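Enquirer: Please find one structure pasted underneath; my questions will follow.
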Amino acid sequence: MKLKCQEDNHKEEIDIICYYEFCKGFRLNCFDCFKKGLHHTHSDDVKKANSLIPFIESKNKDCDNLIDDLNKYFETLKQSFSQLTQGIRNKYLLVKERYANMNSYQINDYLNSTIKLNEYKQSISKIIQEQIKKLNHSFNNLYEQLQLSSFNYYQSDDNNSKLAEDLCKQGQQLYADDKFNEALQQIEKSILLNPNNEESLCYKGACLRMLEKGEDAIIWMDKALAIDPKHVFSLWNKGSCLRMLKKYKDAIIWLDKALAIDPKDVFSLSEKGACLRMLNKYQDAIIWLDKALAIDPKDVFSLSEKGACLRMLNQYEDAIIWFDKGLAIDPNHVFFLSEKGACLKMLDKYQDAIIWLNKALAIDPKHVNSLSEKGSCLKMLDKYQDAISWFDTALTIDPKHVDSLSEKGHTLRLMKQYDKSQQVLNQALSHNPNHIFSLNQLAMCLQDQMKCQDALIYNERSLKTQADIQSIKNFKEFCKQKLKK
């Protein structure tokens, strides 16, 4: 950056910059100005001109950190408010499906509470209004103190705008090429030149999402949406971030906003399908994934999600058809390879399953699901020691992987190492207390040791989680018969 000295008759470029907080003079000068005595009283705070860019970058980071902190404070406030409104809804709003199953005591409690709500309604509204008024007053005071309406940094020339646009396009191309760190660098340069370009803001968020920084990404999506609330790319990206953060219902709210603007946006359709799958609504998920695939039959994400839904519906052969469609587009897609292996395992084709799981592991040796599924296949082939080796490899990468823990516990039970089996199955249940397979295996492990009374405890927990499984009911009867003897 080359800047001319502003002193009369000085044609030299800027050599020094003053960073002294209380300096009242012009901060950018040539060396001749400095020799004449400018800034001599605080010369320790005078630096070379090349310090400007690092200074700007440092202050930008400070500013971003401050805004991030403020956003977190506001998010805490939103969460508290949401908790309050949800609590009111849960306690005082009674839908037909709920009161139809209530007894007279419960309805009596409801009436006592609801009738008393009238006492609180006015005071609740008054308290909230007063606090909002105070908060708005504080915001307005800060706005004035910081003189946020009186700056002209961005009244820049057309060259800066053009450069910002070019940098944004470079970042977008790098994003399309899956070079997310490089894309982020170009986009951040663009934002420095034009902080109000929603394309740069949302693509910074998109890069952060792809780098698995979901919470940071949402901050930048919100900045883009503050400028353009109908920006579809920002809306579905925010939804995708919320899905990554396992906030599936919140994600669907934002994806629906995107679809209200563009009902044929493939990304929004497929992301909504993925959220519904994670909510165990597999049939509903398939409806939305089919909508995406009707528009783009080669959308890899939709293909993978539809296959995963079919697998969860125990439609393994149909699932394989969709995984094969995905593999025809991308033969090295680890998810497709791993899921196809998992389906073959469920069809009792263990050797074939291992072939596909090995293909997945050749590409990603640390793919936990593939490691666990391979161990499960080896278990079914009665190769217990080998199976445990693969479960342990998976657990080295993810010690909380419930499927690996439960499968390892089952394998140890088959090896009649009951104490170890119980220990590992309890680990699985510490991470997911309602994991059916772990509950069942722990019950059976206890029954193997003739501890039928203890076994029934875990059997009852299984029934509470999934009461319609006949094998669990049969096991309960078996234990009861044993106890009678």
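Glycine residues also receive a Cβ, built from the backbone N, Cα and C atoms like all the rest.
Per TrEMBL, repeat 'TPR' is recorded for 164-197, 232-265, 266-299, 300-333, 368-401, 402-435.
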Enquirer: Looking only at residues six or more beyond either end of the repeat 'TPR' (232-265), which have a C-beta under 8 A from one in the stretch?
Expert: 198, 201-202, 205-206, 209, 212, 214-215, 217-218, 221-222, 224-225, 271-272, 274-276, 278-279, 295
Enquirer: Determine which residues of the chain contact the repeat 'TPR' (164-197) at the Cβ level, with the cut-off under 8 Å and only residues 6 or more beyond its ends counted.
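Expert: Contacts with the repeat 'TPR' (164-197): 56, 60, 154, 156, 203-204, 206-208, 210-211, 227.
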Enquirer: Grab the pLDDT values for the repeat 'TPR' (368-401) and give me their mean, rounded.
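Expert: Mean per-residue confidence for the repeat 'TPR' (368-401): 96 out of 100.
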